[in-house]
Amino acid sequence: MTTERYNAREVEARWQKVWEDKDVFVTQNDDPRQKYYVLEMFPYPSGRIHMGHVRNYAMGDVVARYKRAKGFNVLHPMGWDAFGMPAENAAMQNKVHPRDWTYENIATMRGQLKSMGLSLDWSREFATCDVEYYTQQQRLFLKFLEGGLVYRKKSKVNWDPVDMTVLANEQVIDGRGWRSGALVEQRDLTQWFFKTSDYSEDLLEALETLDRWPEKVRLMQKNWIGRSEGLRVRFAFSEAAPTGDTSLEIFTTRPDTLFGASFMGLSPDHPISVKLAETNPTLKAFIDECRRVGTSEEAIEKAEKKGIDTGLRVKHPLDDGIELPVYVANFILMDYGTGAIFACPAHDQRDLDFARKYGLPVKPVVLPKDADPASFDIGDEAFTDDGSIFNSGFLNGLSIAEAKEAVAAKLESSTLDGHPQASRQVNFRLRDWGISRQRYWGCPIPVVHCDGCGVVPEKDENLPVELPSDIDFEKPGNPLDRHPTWRDTPCPACGKPAKRETDTMDTFVDSSWYFARFTSPRADQPTDPAAATDWLPVDQYIGGIEHAILHLLYSRFFTRAMQKVGALNLKEPFKGLFTQGMVVHETYKSDDGTWLSPAEITLSETDGTRSAVHAVTGKPVTIGSIEKMSKSKKNTIDPTDIIDSYGADTARWFMLSDSPPDRDVIWTEEGVQGAWRFVQRVWRLIGEIAATTDPKAALPADIDDQVLELRRTTHKTLQAVSNDIETLGFNRAIARIYEFVNAISKVANASERGAGGEFGLREAGTILVQMIAPVMPHLAEESWKVLGHRTLVSETAWPEADPDLLVDDTILMPVQINGKKRGDISVSREASKDAIEAATLELDFVKKTLDGQTPKKVIVVPQRIVNVVV
RNA sequence: GCGGACGUGGCGAAACUGGUAGACGCAAGGGACUUAAAAUCCCUCGACUUCGGUCAUACGGGUUCGAGUCCCGUCGUCCGCACCA
C-alpha cells in the first residue's frame, strides 16, 4: 500500500479551523467538573514570537491538553503584557502611535500563536493596555489606597537618564537600567509606593507552603526578602548633635560584639551627616562625592572604604568610660536599619578595612575554638565564624547566641533619656515597591492634585482615567506632563480646577494580577470573586527563571493586597510553578568580526570536524559558542519559518524532546529533521495499521506471545507516559514514545501476525495517537480520523492502562557475584526469596564460580536483583 | 566575598526510594533498495582486550553485599545576591 506523505501545512490549518469552529477550547466557568488552571507567562507584544515562546507555550499546551483528556475543566488563557517602553521607543523612532504599534504586534503574534495549534481559550484574551483592563487596575489602586497599601513619599530614586524614568531597585542590574542599560543616577523625587513591606514576614514564611515551586526560586526569594534579627541600640552623644539629637540610634545583628566597638558610622544621607555638612565644606564635598558615585557603580569598582570624622563622640552603652568617634562613611546605606552602625572591626570585614585605613583600634571579642586568648590577633581578615566571647566584661565565656541575648536583655531594661536603650527588631532587605514611572504608555495613577485639598483619589464613577490619544513624542521625558489639556480636571473633592497625576504605573503592576482577571475577563469589577475563588490558585504556572524574583514576588504581594480589599480570597496565586530553560543556538562569526545568522552560512563536516563557510562568498566562518538566541548575535531561528517548512507539531515535538524542560535546549537543524522524520514515521505506521487491521477486530482468548508482549508494552508505555506528563518530564515521555513506535513497527513489519495481531496493533496505534496528541495535536487528529474515528481526539478521554498488563508473569533478574553482574535468572513473579536463592545457586556460572564452596551470603531483592557474596 | 545548582559516550541525555550504567534521539560508519539521489529499511557505535575479561558516571577517599545516586575533601562549570551592619 502507499501512503501519501504527511502534509503538515494543509493538515494543521484544517484542524485549527475545526477546533475554532467548534469552540473546543472555550472554557465555561459553570462547568461542574473539577477545575484545572494552567497558565504560561503572557508575552510582551514585541512584534514576533520567538523560540522561547514556542517552548514555553508548547509545555503549557501539553499540560492543558492532557488534563482536559483526564476529564478536568481546564482554563488555559492567553493575553498580552502590553504596556511598556518599547512602544514609546517605536513611537519616537517610527512616528507610530504606541497604541497602534502595540495592537498591530498583538495581531501578528496572535496569528503566530494560533499557527502553533495551542489549545487556548481565545475568548478570554485581553491586553493590559485595553482600557477595560486598566480601568479595573485603577479601581484596584484606589482600593489599595483606601486600604492603606499605597502611599507617597519623597525618596532617593534610581533615575534612568536614557529612558528618563524612575526604576525600582529590582530593575537596576549592576548599576544600570534593566532596559536601557544606562548608568543609573540618584535623584530625590516624590513617588508612589505599594507597601510590600507590610507582608515581608508573610511573603517569607509562606514560601514554606509552596512545595510545588522549584527550591531554587524559593531560595532566591528568601534571600531577596532578606530577614535579619537584631537590636536597635541608642548611643548617648557626649555632646548633643547639631540636629538636637542627644543619642544616635543604630541597628546591629551582632550585639554580642559590642565590647569590640571601635567607632560609629553614619550614612552620608543620614540627617546628622546632612546637617553637619551645612557648616562643614569638607564633609559636604565628601557626601556629594558619595552621591555621584552612586550605590551601584561602587559595587562594580569595589570602591575603597572612606570616611570623615565628624568630631562627634558617643558613650559606649555598656561602659560609659569608653568614648567612640562618629564617622560619616561611604559604605553605610541610609535605607537599611537606621542608616547608622557601630563598627566592630575585629569581626566585620568592612569595618576592619575602614579601621585599618584610619588607624582605629581593632579589639577581638570573639575567640575561635582552640585559640589562645593571649595571642589571638586579627590580621587583614575579620573573624566572622563561631567562637566564645572574651575581652567583654560580663559577657566573657558566653557563646555568640548567649551574648546576643544577654546584651539585648540588659539594654532593653536600661533606659536612656527615659526610654529603653535598645529594642529587638527584625529587619528586612525587601523595600516598598516604588511604582511611579514618568512615562506615557502605562496605566495612569488615578489621583488628582488640588491646591486646596492636596492629593485626592479620583472618584470611582469617573474611572477610567484614560490615556489621551493625541500625544507628542518629539521630546524626551513624560509626554503626559506636557499635554496641553489632559492634566486639567476638577478636584473630585472640592470641584475646583486641579491637575491630574502624570505618573503611570510600573508595568509589573499589570502582570501582578492578570492571572486573576482571566477567571472573569469581562467583569465590571477587577474580579468576579466567585469565579476567582473557583479557579485560583493557578494549578500550573510556567515561565522563565528570569522572573524568579520580580514578577513572582509582586504577584504574591498583589494577591495578598487583593485579598485585603476583598477582590480575592487567597494569599498564594501560583500553586505549582515551573521554570523552563532557554532555547540556545550556535553562533557564527565572519573573519571581519560580524555575527552571521544560521541562514547565511553553510556547514560541512570532514573527518569529524565541523566547519562553516559563508553561503554566498564562501569565506571561512568561525563556529562560536552556543548561546541564548538573541538578535544581537543573530543566532535566532524564526518559529514561523520552522512552522512553514515542518509544521507546528514538529517544532513542538523537538522543543520538548531533547532536554529536560528546566534545562536549556540546543536548537539544531538535525534535531528538527529528526522530529520531522518521526512525524512521517508515525503517519506511515498509522496508515499501515488503519489499512491492515479491522477496527472491529476482537481479542481472541489465546493470543500470540509477540502480540501479548506488544500489548504489555502498550499499557506499560501508557502508564509511564502519563506519569511523565504529570511530572512535566516531557523529554522522558517522548523517549518512551519513540521506544513504543519501535516496538509497534517490529510487530507491524513481522512476516506473519500471530493470533490477536489485528487487535493488538489497533490498540497500540490508537493509544499511540492519544499519547502523542498533547504534543502533536494536528498529527493526532489526522491519524485519529484515519483510524476511523468521527470524534476529535482533542475531546477524547485519556486511555486507562490495564493493570493486568502492567506486570509480567516471569521476571528476568540480573545475578551478581560480589556486586558484579555475571548473568540473569528468569523467575516467576510469585517466586519466594528462598526459591530464587535456590534457583540462583543452581545456575551454571554461579556453580562454576563457587566451585563447591558455600556462599557467604545471598541477597535477593524481589523484582530487582540477586547478589551472591563469596 | 556569600548562597545555590550541576559535572555520565563524539553530542543532547536516561537510570523511580542505592540494585543490569549509557534507554531514546542526534551525529558517524557499514550494508540493502535505486541508473543516481532523496526518502526508507537493516547492522555497528564508551575505552582497552591475550576475546576469558578488565576499566569506565570530573578527581581522591569513605559507608555498603552493591554507589552515577549517600558522606567527606579537591577541581571545574553555571546561576542568584552583592557594602543589608
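Glycine is no exception: its Cβ is also placed from the backbone N, Cα and C atoms.
Given the structure is predicted, the values throughout are model-derived calculations rather than measurements.
According to TrEMBL, the feature region 'Disordered' maps to residues A:467-500, out of the candidate ranges A:467-500, A:603-636. Between the listed ranges A:43-53, A:813-823, A:824-834, TrEMBL ties the annotation motif ''HIGH' region' to A:43-53. Pairs of Cβ atoms less than 8 Å apart link the domain 'Aminoacyl-tRNA synthetase class Ia' (A:627-666) most often to A:38-172, out of A:38-172, A:222-412, A:430-586. With DSSP classes pooled into helix, strand and coil, the tally for the motif ''HIGH' region' (A:43-53) is 3 helix, 0 strand, 8 coil.
The DSSP breakdown of the domain 'Methionyl/Leucyl tRNA synthetase' (A:38-172), given as helix, strand and coil counts, is 69 helix, 23 strand, 43 coil. Under the DSSP three-state reduction, A:Lys631 (ATP binding site) is assigned to coil, being neither helix nor strand.
Counting residue by residue with DSSP, the compositional bias 'Basic and acidic residues' (A:472-486) contains 0 helix, 0 strand, 15 coil. This prediction places the mean pLDDT of the domain 'Methionyl/Leucyl tRNA synthetase' (A:38-172) at 93.
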